[in-house]
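The active site annotation in Swiss-Prot covers Ser950, Lys993. Among the features that Swiss-Prot reports, ATP binding site is placed at Gly543, Pro544, Pro545, Gly546, Thr547, Gly548, Lys549, Thr550. Residues or ranges marked as compositional bias 'Basic and acidic residues' by Swiss-Prot: 69-107, 113-123, 158-167, 775-785, 806-821. Per Swiss-Prot, the feature compositional bias 'Low complexity' maps to 132-150. The feature compositional bias 'Polar residues' is assigned by Swiss-Prot to 790-805. Taken from Swiss-Prot, the feature domain 'Lon N-terminal' applies to 177-395. The feature domain 'Lon proteolytic' is assigned by Swiss-Prot to 856-1044, with sequence analysis given as support. What Swiss-Prot records for 69-173, 775-821 is region 'Disordered'.
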Amino acid sequence: MIKASKCNKARALFLVRTSIPRTFIRNATSAIPTTVKLKDLSSLPPLTKSLPTNLPFLMPDTLHNLLRFDSKKEKQPSTDKSNDKDKPSRKEKGKDKEKENEERKDINEDEKYDIKEETDSKPTIDPNNPVSSKSSISSSSGGANNNNNNDDSDGRDDDGSPKDKEFLSPSDAGLHPPFLAIAMKDRPFLPGATRHLHVTDPEVIKCVNHMINSNIKSPYFVLFHVRDTNSEDAALDVIKDRDFVHEVGTLCQIIKTTGSEILVYPHYRVKLVDISTPNSRSERIEMEQDNSQTSYLKKFEVSYAVTQQLKDEPYDEQSITINAWTRRIKELYEKLAPKYEQPENKEEIMNNPSMLADFIASKVHAKPEQIQQILESSNVETKLELSLQLLQVEADADEMRQTALKNIRERTEKAYAQSLIKEYTKELLKAAGIGENSKVHKFDERIKHLKMPEEAMKAYKTEKERLGTQSDMEQNVVERYLDWLTQIPFGVYTKDSFNVKKAREILDRDHYGLKDVKDRILEFISVGKISGNVDGRILCLAGPPGTGKTSIAKSIAEALNRKYTRIAVGGVQDVHDVKGHRRTYVASIPGRIVTALTQAKTSNPLMLIDEIDKLDTTSHGGAARAFLEILDPEQNNSFVDNFIEVKVDLSKVLFVCTANYLGSIPAPLRDRMEIIEVNGYTKNDKIEITKRHLIPAAAKKVGLEEGRVVIPDETILRLIDKYCRESGLRHIKSLINRIFSKASRKIVEELEDTDADPHSREIVEESLVAKENESVISDKAKKDAGSSSIESNDSNTEAKVSTTTENEKKQEQKQKQDEEIKKLDLPADLKIEVKPETLKDFVGPEIYIKDRLYETLNPGVATGLAYNTSGDGDALYIESILTDSISSDLGNAGLHVTGSLKEVMKESASIAYSFAKQFMVRQFPDNRFFEAAHIHVHCPGGAIPKDGPSAGIAFTSSLVSLALNKSLPNDTAMTGEITLTGKVLAIGGLREKSLGAKRAGYTKIIFPKDCEYQLDEIPDEVKEGLTYIPVEWYSEVFEHLFKGISKEEGNSVWKEEFAKLEEKKKSKKTHTV
């Protein structure tokens, strides 16, 4: 039941929100008893001050229901005042003003009557469900209907009977009629603030326009947030199924539409009860929809849902937690208030905890999941806590921003003040004619020792004049340019030394072996001595890693008495790295060439361009083109760096390049170089280098005297064979260092064990005491000598010394001893010997366990030879087998190749297969092996990529061996490219392959006759014990590998298998007939 005061308020409410004459309302409501049931009032959307006053929240039909008219509904005038095509005249305005004054007078009378009614009957407060005594029917502007008000907001009358079933009125089960349901991916909408919604689905847009244009009295929809915002369908407006969205959303009213943009006002939170989608229609909703005012939704392919209003749980207004959090939120909000647009009902929001939580959550920056969590919460305390957390993060971020802005402002003001002081000081010094620029003086002093060309001197003077007339930033650029320009050693040269004898001594001192390399270098120096210079010569040291190319370049520089400088160009792809950046760029510097000259401080250094084969040529060859100019004797006398912008003469520079693989160097660059190949070291060379250089260097590095760690030749040999087979010395050097590190640890542990033995400790202490006595005596003698000199020079010193007590002296001496790190004194007889049997205790288990994969070769297995870019040679085994027996009559003869083979090696295998078939037909015509054999050829070591044509004769021999079912000799390895006609072509790396064959125990090597010239490059110690068999055609290879085989033997190998095959074929024919 509702009292008369509520009727009066409702009457005033209709007057404000509608255009119905007030006199009509007063006359109508005066006849209503005070006990009338008002079923529609609480179900209406809550009002808000932020919406337009001309928005018709209550339709005329609702008014008739309120007045309980049973007669036919009359058409009421439109309340839409937004269309103002016909502007009122001045007379009409005057009448409206008089009417407004009359209505205001009536409102004042109603308010007096309401105050009297409220005084007569004060609302009671339930302790479990506190209410606000300030209003009885008002709801929050955010639309959150609290249970705190003892009014009709629960959707039922005082007697518990259900209300009228208008479009917002809940059913008997407390459910709303079906509404249009829209899914959204962005931040969820919270009640109480007008928002813009963007929709893209054409059906949804049509439905919304229909609701607006058809004057539907229920322009409402429910909005739900998508669960998975990262899914492909997250941007859809139509809900696919119930699990597609969260269960809690908001009921929104459409205010205005503009294309795909909808201005909406979220009223309150709703819970999803049932949903009907275009893909899955709900029978329950469809049946109810037929009699519903929203039945028009069936016309569109949209989703619509039955919802239930989600109300806040009751809470205690006196709760300490709620009051504390509310107070803290208000404090933080006041600090951040300038950032946010202030609502008109701010006071009402601040006094309602639920509205305050929604308002704060709608303002702060947060993830959609966090806002959804607040939206789903019915507990006011929880909502406040979550909103406070978000607001606290916002406040902390704002504080950090303010601090950063303050620091920036302070730095800016300080820099401005410093610049003013600097300019003021500069003007004073200029006016006084004093204060010579120290930097300019430094530049002038530098050029006195240089022979700058005219172009460089002109640039220097021009830039020098600009100093003092530019801004600070520009002046820094000028100073940096002059600094670099005056560091270039124009006209500064070192005198060359062409002493061949001295050069030989330096090369022999620093390098063991490498006879061919040393001879080439000495020839180079001899030519320079005859011609008087080595200008225009560009050397390239090519060889495997770790063979000493860089150290050879240093020895050449020392032999020629030139400065040494190094440029690493591995991976360089930008031409500006070589030629510098222009001064217009921030923090630009010269390129690597000019920088190397400034480091060498001479114009004729030996400049090592290291790893030139690693130069990145993918970026349009920019860096490679720059080196074409630098390494060309006809062009490098006028090299121009982009930063310096003056010509620099590089013709006197001796360029030495290093590379591991010549094929990676661009051909134009390679043509400008004089190639000196630095091959790998032999086994004997490695042993001698280890003894002469690596062991002493490792002992010095760990602080041990030579002889403390003994490594015999047998141990070094085992280290080379089982751990370090590459041509270089880097790996063996690291292993030697590891041996000395382990030996140092063993020595320390052994001494610690000795300290634990009393007898041994006494011996060690006696030796240490004797050493200390010797040091004390020497220190005393020095002290006596020093004290006599002090007495003669200063008479007061003796008095000062006497004042120092003995205890202080002892403390100082002890402190000095603690601070000093003494070297460990080792007994003279303490040594560690690394034997071959104990080598694995120092460097770990052996890497190369077997030298040969096959001790005895089976038919179809051949031994080839291979080598890699690191200079390591090894045996390459070729295995061939039959995948099916010849008598199986499968009819799939062919070749299948595996073993991580690249394109060239696959082609080599195909060529060998074609030639082997032709060769067997010619040599053994009755051997029909290749007619029915499906062969699988494999190269062991599948993880290692293999390429190259040099395994051609090995492939052929493997196939012929399988066809003849005869094994190849165990002592013979082979290398050479094969052609379709059986010609054996030249290959490379014969020296490395010979090392691999000898290490694997092979004594004979079949190689192309065209490679006989390479035998002269192989050291005698490598050729010792090897027999080289040069061949020109494969028939010569066959004679060496298959000696004594007759035609009858070769023709009859597979006769039985082919006989069985023929019988099978005959039986098949008979069966078919």
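Placed from the backbone N, Cα and C atoms, the Cβ positions cover glycine too.
Predicted, not measured: the structure shown is a model, and the values here were computed from it.
Overlay of Swiss-Prot annotations on the structure.
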residue: Gly543; record: ATP binding site; DSSP class: coil
residue: Gly548; record: ATP binding site; DSSP class: coil
residue: Ser950; record: active site; DSSP class: coil
residue: Lys993; record: active site; DSSP class: helix
Problem set entry | Residues near Thr550 (ATP binding site) in space but at least six apart in sequence (CB under 8 A) | Arg566, Leu608, Asp610, Thr658
Exercise. Ranking the binding-site residues Gly543, Pro544, Pro545, Gly548 by other Cβ atoms within 10 Å, which is at the bottom?
Worked result: Pro545
Exercise. At the Cα level, what's the spacing in Å between Gly543 (ATP binding site) and Lys993 (active site), rounded?
Worked result: 15
Seminar exercise, completed: Using a 10 Å radius on the Cβ of Ser950 (active site), the other Cβ atoms enclosed count 29
For this session: Could you state the whole-number distance in Å separating the C-alpha atoms of Pro544 (ATP binding site) and Lys993 (active site)?
Result: 14
Exercise. In the same chain, outside Gly543, Pro544, Pro545, Gly546, Thr547, Gly548, Lys549, Thr550, whose C-beta lies within 8 angstroms of the Cβ mean position for the ATP site?
Worked result: Leu541, Thr658, Asn660, Val678, Gly728
Exercise. Could you give the Cα-Cα distance between Gly546 (ATP binding site) and Lys993 (active site), in whole Å?
Worked result: 19
Seminar exercise, completed: Restricted to the domain 'Lon N-terminal' (177-395), the mean pLDDT of the model is 82
Problem set entry | Listed in sequence order, residues with CB under 8 A of Thr547 (ATP binding site) and six or more positions away | Leu514, Val678, Asn679, Gly680, Tyr681, Ser727, Gly728, Leu729, Gly871
Exercise. Under 8 Å Cβ-Cβ from Lys549 (ATP binding site), six or more apart in the same chain: what's there?
Worked result: Leu541, Gly543, Thr658, Val678
Exercise. Which whole-number value in Å describes the distance between the Cα atoms of Lys993 (active site) and Ser950 (active site)?
Worked result: 11
Seminar exercise, completed: Taking all protein chains shown into account, the Cβ-based neighbour count within 10 Å for Gly546 (ATP binding site) is 20
Seminar exercise, completed: Expressed in Å to no decimal places, the gap between the Cα atoms of Gly548 (ATP binding site) and Ser950 (active site) is 28
Seminar exercise, completed: Here the Cα-Cα span from Pro545 (ATP binding site) to Ser950 (active site), rounded to a whole number of angstrom, reaches 23
